[in-house]
Amino acid sequence: MQTLLKLLGDGRFHSGEELGLVLGISRSAIWKRLQSLESELGISIQSVRGKGYRLAEPLNLIDPQVVAAPWPLDVLFAVDSTNAEVMRRLEAGASTPFAVLAERQTAGRGRRGRPWVSPFGANLYCTLGISVRGGAKELEGLSLVVGLAVARAIQSMGVDGVGLKWPNDILLGGRKLAGILLELTGDPADLCWVAIGIGINVNMRTADSIDQPWTSLCQASGSMVDRNRLLIELNKELDWHLSRHREEGFSASREEWESLHIWQGRQVSLSTAANTVVGRALGIDEQGALRLEVDGVERRYSGGELSLRLSDDT
Ligand code: BTN
């Protein structure tokens with residue numbers, strides 16, 4: 001399927017006979033493969049009598065040659081989840097840092113056990129594997145810093161109105177644009193390895209199964225976005241923000257994070273599995289914990305399975 005896609009990638013018409021010759025299979029076998037491209041990968045193929053087949057829309061696949069990441073980057077055609085793949089490689093002793101990206105995830109993971117919708121060639125699904133020495137202190141605010149790097153990368157594509165929702169959602173016009181999922185292995189009190197998973201909705205236009213308001217860069221701007229360019233910006237920002245976090249800790253990023261915080265000063269409700277508290281979002285502290293003013297008293301909340309919403313009474 002990959003070879004067939006590469007051949008069609010030029011956007012021109014190719015006859016079934018020509019494709020069959022290159023792949024060494026019959027015209028009817030080509031037709032079957034084209035059908036799988038449509039059914040499995042959601043790619044639309046135009047078929048015109050006398051001309052052959054071509055892609056209905058241009059493909060914008062990730063080209064590792066163009067991207068030249070600051071760490072080894074492996075681009076896969078498909079994988080269950082880039083986080084799962086990075087965790088497997090970390091557990092097998094891969095040296096860090098390294099990144100795995102996929103054109104498609106068949107079991108993309110979101111926060112709180114949700115699936116992450118990951119159609120072929122549409123968005124960015126990327127996981128960076130790093131090692132962290134020094135225990136929990138060194139991990140403080142890591143996911144918030146990653147959120148900041150993702151927001152900066154998106155801004156550098158000329159997109160206005162990107163904001164952060166604590167702890168690490170990236171929103172555009174109040175809708176979810178990107179998400180981050182960190183997974184850990186090793187000893188969180190000493191040397192541990194972290195899979196930093198990032199999903200950015202780039203050129204996705206439809207997705208029936210997402211159960212929250214979402215958007216993509218393409219949906220918001222009305223035009224397709226170059227995923228290679230976005231990935232270059234993302235790598236650059238990640239490299240810069242992660243270095244600052246490693247050298248100076250989270251406090252160095254705190255003010256910048258708050259400047260992009262969409263609900264700074266607003267009335268919000270924070271839910272855990274057990275209860276909900278309502279208060280005014282004061283910001284975040286030096287460790288990345290959320291500061292809420294509840295009944296005139298400041299309270300702090302960190303990480304875990306907390307869910308933040310704008311309160312109805314604002
Ligand atoms: C969220 O729910 O907000 C987090 C979504 C994280 C999705 C990304 S896509 C790349 C990486 N691989 C996964 O399976 N999940 C993360």
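Note that the numbers count up from 1, one per residue, in the order the chain is shown.
Just so you know, glycine gets a Cβ as well, placed from its N, Cα and C.
What TrEMBL says about a protein is an automatic prediction, not a curated fact.
Marked as DNA-binding region by TrEMBL: 16-35. What TrEMBL records for 60-246 is domain 'BPL/LPL catalytic'. If you look up TrEMBL, you'll see Ser81, Thr82, Asn83, Gln105, Arg109, Gly110, Arg111, Lys176 marked as biotin binding site.
Taking a C-beta cut-off of under 8 angstroms and a sequence separation of 6 or more, Arg111 (biotin binding site) has the following same-chain neighbours: Gly179, Leu181. Each of the binding-site residues Ser81, Thr82, Asn83, Gln105 was scored by the number of other CB atoms within 10 Å of its CB, and the largest score is that of Thr82. Comment: biotin site residues Ser81, Thr82, Asn83, Gln105, Arg109, Gly110, Arg111, Lys176; largest CA to CA distance 20 Å, whole number.
Neighbour count (other Cβ atoms within 10 Å of the Cβ, all protein chains): 19 for Gly110 (biotin binding site). Counting every protein chain shown, the Cβ of Lys176 (biotin binding site) has 19 other Cβ atoms within 10 Å. In the three-state DSSP classification, Arg111 (biotin binding site) falls within a helix. Residue counts for the DNA-binding region (16-35) by DSSP state, with H, G and I taken as helix and E and B as strand, are 17 helix, 0 strand, 3 coil. According to DSSP, Asn83 (biotin binding site) is assigned to a helical segment.
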